[in-house]
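Novice: This is the structure I want to talk about, given as structure tokens.
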């Protein structure tokens, strides 16, 4: 299974588009252009931004500065609860496109569920219409619990292709992950390296065993969750995966760390390693971020 993974591996979304398995996060990155250019040099082709981060334009500038074709990179952005609502979401989508000077956004997520049921559904409807208009390729959600996705289903809308949640060995969101797997929703993992809070003996022992740093072990744990069902040739990638997987989104502004976080394809964690890391789960008490999956 895992030996077939490379930095070019992708997962096919329910919309038919392919998303690289490793993403690069730019939360709290005020120098995102330089960082994203460095990430592209390291082999990343997937960048996770948001309207709230204030760096959408910098991410887009990095795409142009890199010389990469727009179709060969996968760009995500998100709309936070204070901008939710039908008309406001349409307006914010157009503003994101204007800031980026892009014709489309690969993945647009509802950033959180904190605006309440009515505004969540209005926002989702606006994003689906944005997709129909060609402004978005795939619509998803972030920080959504099962009940939030069920309200989308009850409203008669198609399910989101992606749910981005806090996910790492300490906070494994097992019920949400199980639901997403059963409904063909890909799970993106933010805070995959626990924001550097890796002072756990199990993590350090496994890192020492593989002569790796703890962050690389945690990223590899995310990449190895799930099962490969089919390898197929794709238009843009030679190694795309039809599977259920976690998509880790490590972030850093340090060039050496950006590179090392991508150097996770020449070793594997065995079953014992994975089980030991799985044993660290503390449920919602293991969260280190806002994790609003239980919001009403």
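Just so you know, the numbers here start at 1 and follow the chain as drawn.
Note that Cβ sites are derived from N, Cα and C of the backbone, with glycine treated the same way.
Any TrEMBL annotation is an automated prediction that lacks curation.
So TrEMBL has the following annotated:
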type	residues	note
ACT_SITE	53	active site, proton donor
BINDING	111	substrate binding site
DOMAIN	26-281	domain 'NADP-dependent oxidoreductase'
SITE	78	site 'Lowers pKa of active site Tyr'
Novice: So if I measure Cβ to Cβ from the residue listed as 'active site, proton donor' and keep only same-chain residues at least 6 apart in sequence, which ones fall under 8 Å?
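Specialist: Result: 26, 27, 28, 29, 32.
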Novice: Any same-chain residues 6+ apart from residue 78 (site 'Lowers pKa of active site Tyr') with CB under 8 Å of its CB? Would you list them in sequence order, or say none?
Specialist: 49, 50, 51, 52, 108, 109, 110, 111, 142, 164
